[in-house]
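Novice: Quick one: the structure is below, questions incoming.
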Amino acid sequence: MIERKALIFNIQKYNMYDGPGVRTLVFFKGCPLRCKWCSNPEGQLRQYQVLYKENLCVHCGACVPVCPAGVHTISASTLRHGFAEGAQCIGCRRCEDVCPSSALAVVGEQKTISELLEVIEEDRPFYETSGGGVTLGGGEVLMQPEAAVNLLAACKQHGINTAIETCGYAKQEVVMKAAQYVDLFLYDVKHIDSARHYELTGVRNELILSNLTWLLENKHNVKIRVPLLRGVNDSEDDLRGLVEYLRPYQDYKNFKGIDLLPYHKMGVGKYKQLGWEYPIEGNPALSDADLERVEACIRKYDFPVSVIRH
């Protein structure tokens, strides 16, 4: 029997922000949204990609002849890495191997459920002493539903606490199947207004809110996460719309409150490495005073709220 594989782009250990206790984060590649502030753009496409660090490149051209896909090209003494029109990286990593200056990195790796579970199990002592476990994120983990559900089920069979970070944009049957094996959903609500949500992410939010309602009404543990940007979703009206939507579930034991995730620029450099333009102009980061205002606004409606600073 061939074991299901997942396309992963990172595994992060000793995380303290994305679920209770010390956690291992497994990042699944591929996402149906295109959030303008995305800090993991290398997780958006469900395919191999090349990150090119121009400042490290010595322009030796060693990557060009070893690439079977023609991703690396040279013409008129100009090297181009990973951006060749019509070429797609196949994940062979030969360019990585021959690059003398570590200027190239292939993003994406196929891992079996057994391989992932082995990595997750390495930190069991930390989970047991801290109440931690594993969190699956991305990208969007539910874009690889079979692999995600198989890994979640395997973790539960091994007594490991499970959480997923999700944008909620998935078929409801996928959410229902995953929910059997999830101890906590870290559920993004990027904007409560569907038209505005479309402008910011490329999709409307009706499916997202429908899945959220199903999870809350069926007693699955949910913590709402709001990526917070100044002038985008931090107004009194924006926040009131969010809490009014959540008000029917305010006293549910499975509703675990609201996390605010302030905008940051930690992923900006990766856009250039992918050959992409950064979608946001200006700086929508909130000041400490802005964050205090937003917190106070939510608290006045008697909702538990925390600011998560990465």
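If you go along the chain as it appears here, the first residue is 1 and each next one adds 1.
Backbone N, Cα and C atoms are what each Cβ position is placed from, and that goes for glycine too.
It should be emphasised that the depicted structure is a prediction, and the values quoted were computed from it without experimental measurement.
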Novice: Have a look through Gly86, Gly91, Gly133, Gly139 and flag the one Swiss-Prot assigns to the S-adenosyl-L-methionine site that Trp37, Cys38, Ser39, Asp188, Val189, Lys190, His264 belong to.
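Specialist: Within the candidate list, Swiss-Prot flags Gly139.
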Novice: For the [4Fe-4S] cluster 2 site that Swiss-Prot describes with Cys57, Cys60, Cys63, which of these is also annotated: Cys99, Cys155, Cys167?
Specialist: Cys99
Novice: State which of the following binding-site residues has the fewest other Cβ atoms within 10 Å around its Cβ: Cys35, Cys57.
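Specialist: Checked Cys35, Cys57; of these binding-site residues, fewest Cβ neighbours within 10 Å: Cys57.
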Novice: For the C-alpha pair, I'd like the distance in angstrom between Cys31 ([4Fe-4S] cluster 1 binding site) and Cys60 ([4Fe-4S] cluster 2 binding site), rounded off.
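Specialist: Taking the Cα atoms only, Cys31 ([4Fe-4S] cluster 1 binding site) lies 34 Å from Cys60 ([4Fe-4S] cluster 2 binding site).
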Novice: Far apart in sequence but close in space: which same-chain residues, 6 or more away, have a Cβ under 8 Å from Cys38 ([4Fe-4S] cluster 1 binding site)?
Specialist: Cys31, Gln44, Gly267
Novice: Given the binding-site residues Cys63, Cys99, Val189, which one is most crowded in terms of C-beta atoms within 10 angstroms?
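Specialist: Compared across Cys63, Cys99, Val189, the most Cβ atoms within 10 Å surround Cys63.
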Novice: Which ones, of the binding-site residues Cys60, Cys63, Gly139, Asp188, Val189, His264, have a Cα no more than 10 Å from the Cα of Cys35 ([4Fe-4S] cluster 1 binding site)?
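Specialist: So the list reads none.
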